[in-house]
Ligand SMILES: Cc1cc2nc3c(=O)[nH]c(=O)nc-3n(C[C@H](O)[C@H](O)[C@H](O)COP(=O)(O)OP(=O)(O)OC[C@H]3O[C@@H](n4cnc5c(N)ncnc54)[C@H](O)[C@@H]3O)c2cc1C
Ligand code: FES
């Protein structure tokens, strides 16, 4: 059982939990994730380790309420317990000195990009970060991203904060200036696809952190398989970070919506029987 030490709301439907998990905190590295079950009947969902403190033995996660399990997780309070957490899982991010790096976090993708930006900066890179959201109300982690970046560019779809437009529009302007040595992008699949297509036309190396459906997280079930160039890879053990120019985006996006009907059904059923997550709180 894993105790929630602190719960904080970052924006509507986006929460940060600090959780006591000494064994995970002791080994976690930037880019890795956990798979948790809220309770013994819960489904397993992957969430990135946003931060970890080896001394206090705690990890932090940031998640957005998008469906049944994330809504159920959001119902927990400070002091409550999460039944089980497996981790750290996945390969750590490829941290080394590249030179000039542009790091992009779209929506809640600002959370997983943060520890990577911090590590890239510590490795001696010049890091320009771009974080984007629909509007000012949904933009998260502005201050912490500013602290670990050489320069932070903010953009919102509606122009309510920073530049108006998508992260790709901001990126395009950056690419036409001094060429970066690496672009690193984390966010919704269509965003990472658009970033990868754009950087391919500028021949800039691009890493993305993929978020396919995962079940066991140990390379056994095959749910997370993705096509990278001519090879099939299991994102949970061989990723989640891959070369964005080699990802078969079409198949990945199609596979990520394969349970959409079931996901809607369970939310509808739970809403009819009480709260949206079935916890009646
Ligand atoms: C490696 C990895 C790291 C992630 N890190 C974060 C994070 O830090 N913060 C965050 O908010 N989200 C993160 N996600 C996405 C998160 O796992 C999903 O939002 C969550 O599983 C949705 O579950 P749900 O029951 O609430 O929603 P559902 O209604 O079940 O699904 C909503 C959408 O979430 C995705 N999803 C559903 N089940 C899974 C699953 N088992 N594995 C992967 N995706 C699923 C699907 O694309 C689906 O369309 C990560 C995903 C992966 C693979
Ligand atoms: S989640 Fe089962 S093999 Fe990756």
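Glycine is treated like the rest: Cβ placed from N, Cα and C.
For the [2Fe-2S] cluster site, TrEMBL records 221, 224, and the single candidate of 155, 236 listed with them is 236. For the domain 'FAD-binding FR-type' (1-95), DSSP puts the residue distribution at 13 helix, 44 strand, 38 coil.
According to its DSSP assignment, residue 221 ([2Fe-2S] cluster binding site) is coil. Of the listed binding-site residues, namely 221, 224, 236, the sparsest Cβ surroundings within 10 Å are found at 221.
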